[in-house]
């Protein structure tokens, strides 16, 4: 415990300054502990989490302050998805993941957008569910489902073997176009199986970055037309590239250096503006849990992400600072303890 991690004890847990200064104070404290922008390793991060302890208290002042920052930079209530209101006919829509590529909005494309933001805002309590292996055996399913609005990322499995840990309810699920290409052959031959697999997400919004890269447009449009042809009760929303671009700039200014943010961080960013309270699950980018046990990368498999695309430890650090300052709650331990493993009193 005398490693550099012991310097964490110099950072106070409570009585932080109020307003936007509190988060800045935490960042300065972290830079003192890890000078030269050295990211903490797994063991150091575990010490930090365990030192902070299980207690968490929301800070309404900090919540409102951070929500205003997101509103000023990115306007999620208005720009989260493409709508007829925010995307006029004839607009030159620039893709956020391609240099110098744009699409002129015509009647055909604009007809795919809802009239306005479909959510009744503000949303109350939101669960944002990442897919991290730390969710396995977490028994967080019931707690996740208690939220008013549940966001999930990239079509995660919700079969019976996982529901105790991740729940069953979904109000919004994201779909990376690469999933449509690799798993469903771009819906050229697998439309029926795709529709059947999406039934587990019930009457949810399906959120896709159709206008981020040229390669993502066709698969996203195929999803829209497939769900329409089969008369499903799901609604496709297309991510607004202006929103994605601005969120990327927002986090880059706060020290996240990556080619692209993870889907999870995009969703958390949206939730912090759209929801009154946010709890996040499955956000833990390390190979061992808080008890020192090895865990898989996802709760359902151990497929690793492409190297060099995301900066998951940097993202986690920012989310952890928001947890400490009371802006959001990060669930890293079991939601329900395993009674069979506890000693009788």
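Going from the start of the chain as shown, residues are counted 1 onward.
Just so you know, glycine gets a Cβ as well, placed from its N, Cα and C.
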- Note on the structure: Listed by Swiss-Prot with 176, 177, 178, 262, 263, 264 as binding substrate, from among 154, 240, 242, is 154
- Message: Per Swiss-Prot, which of 297, 298 sits in the CMP-N-acetyl-beta-neuraminate site along with 131, 154, 262, 263, 264, 284?
- Response: 298
- When Swiss-Prot marks a stretch as transmembrane segment, which of 16-36, 37-57 is it? 16-36
- What is the Cβ neighbour count of residue 176 (substrate binding site) at a 10 Å cut-off, with all protein chains included? 18
- Message: So if I draw a 10 Å sphere around the Cβ of residue 107 (N-linked glycosylation site), how many other Cβ atoms end up inside it?
- Response: 8
- Message: Tell me which of the recorded positions 177, 262, 335 ends up closest to residue 233 (N-linked glycosylation site) in space, Cα to Cα.
- Response: 177
- Once the DSSP letters are reduced so that anything not helix or strand counts as coil, what is residue 107 (N-linked glycosylation site)? helix
